[in-house]
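Annotated substrate binding site per TrEMBL: Trp56, Lys271, Gly305, Arg396, in sequence order. Look at TrEMBL and you will find Gly116, Ser117, Asp242, His306, Thr307 tagged as pyridoxal 5'-phosphate binding site. Positions annotated as N6-(pyridoxal phosphate)lysine by TrEMBL: Lys271.
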Amino acid sequence: MSTVNIPGLTERDSKHLWHPYTQHKTAAKPIGIVKGEGALLWDENGKQYIDAIASWWVNPYGHSNKFVADAIYRQLTSLEHVLFGGFTHEPVVSLSEKLVAILPDNQKKLFFSDNGSTAVEIAVKVALQYYYNKGEKRTKMLAFENAFHGDTFAAMAASGISFFTEAFKGSLIEVVRIPVPTAGNEEESLRQLTEMAATGEYAGFIFEPLVQGAAGMVMYEPEALDKLISVCKKYGVFTIADEVMTGFGKTGKYFACDYLNEKPDMMCLSKALTAGAIPMAITTFTQELFDGFYDDDVNKALFHGHTFTANPTGCAAALAGLELLQSDEMQENLVRINRMHHAFKDEIENHPRVANVRVLGVIVAFEIKREGNEDYYGDFRNKLYDFFIENGVILRPVGNIIYILPPYVISNELLVNIYDTVKLAIEKIA
Ligand SMILES: *Cc1c(COP(=O)(O)O)cnc(C)c1O
């Protein structure tokens, strides 16, 4: 594979650029990537990397996917963008029809924005304004401990990873946290949620369904979430499934909510939505929520919007992505990767340094046993990260948790290569 050689990207970067989640004084310099194809990336020195986390969970169908690129090109050369206030267009109408067909059947209305955080922001605003419009005082939200819902203000308020939000504590809406219903914690989680919901002070409950991504792929059972949702229904607390990470096949089904009997009132979609190519997000709603804003009084409207709302090119990418996701080939990939992950789990789970191996869909995660607690971005985590990069595998451990979430198009050979590198790390990194 030949790569374009652009010298000095790393050096040029450090002059003007500020990276996400990065302490620039202590962090290693970023790696200049010049090409991507399938599950592989190449840096400016020609070194190859396996993208074992689908570039932060966005890239399901492979880098530089030709089918997606062609769809984007066709859209760019017919209608690249048009305002969505007072106008509409074919890609967004088609996308709404195709998405509603696969969403839980109570999801009827779609509101577009640009990223996962704004999708969450809109869901929280809708929950709060719904009750405001009705003249009912419900101003608080419920969320899980260690949740991650994004970095804008309402999303931060809903997030429970403390060092992400510490500096803004005083400026956030009130969110009460309940325990995640992981094995053994189901009853306590349900008890605390019921106690809060029954007060009538809460507008909504936001959660990452079945898998808490940023917390380190923490998993819990659909039965437990079903119980929480049904309590919320009883007390008029709107449920918001943040499927920004889990959506579009990651859990083996189109959405994590497809494992549930209960249905959420709202869903947040982004990341893999546009096949990993263009920033876009959607918040989806029940008819009931939409109707809470439908009135002769203009002040009851949702006064929210973004310049690039429902950008046609983003919609074209999403339509191409949906077509790929629904293809037999991609559905077979999901089954294949899950089977490979289970075989890997069987192989490592009795290793004395390995704990809590868990698999759902294309996600496998486990902990490396250590004394004491691990910092999210601590030394041990950094050693692991560096080891993987040295060995040409992009993985971002969370503390002592290692997880793999590859693009669905990854070959078995590359998957085995990732597993082998992880097994080496289990042996070597103390
Ligand atoms: C990544 C993520 C977000 C935030 O999305 P951005 O596009 O990074 O703003 C929100 N919720 C979940 C569950 C996520 O994984």
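Note: Cβ is positioned from N, Cα and C throughout, glycine not excepted.
What you see is a predicted model, and the numbers here were worked out from it, not measured in a lab.
Where TrEMBL records a feature, it is marked here on the structure.
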| residue | record | Cβ contacts under 8 Å, 6 or more apart |
| --- | --- | --- |
| Trp56 | substrate binding site | Lys271, Arg396 |
| Gly116 | pyridoxal 5'-phosphate binding site | His149, Gly150, Ala155, Asp242, Val244, Met245, Cys268, Ser270, Lys271, Ala281 |
| Ser117 | pyridoxal 5'-phosphate binding site | His149, Gly150, Asp151, Thr152, Ala155 |
| Gly305 | substrate binding site | Phe84, Gly85 |
| His306 | pyridoxal 5'-phosphate binding site | Phe112, Ser113, Asp114, Thr118 |
| Thr307 | pyridoxal 5'-phosphate binding site | none |
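Among the binding-site residues Trp56, Asp242, Gly305, His306, Thr307, Arg396, residues whose Cβ is positioned under 6 Å from ligand 1 are identified as Asp242. Within 10 Å of its Cβ, the residue among the binding-site residues Lys271, Arg396 with the fewest other Cβ atoms is Arg396. Just so you know, the Cβ of Asp242 (pyridoxal 5'-phosphate binding site) picks up 32 other Cβ atoms within 10 Å once every protein chain is counted. Here the binding residues for substrate are Trp56, Lys271, Gly305, Arg396. Their largest Cα to Cα distance works out to 33 Å. In the three-state DSSP reading, Arg396 (substrate binding site) counts as coil.
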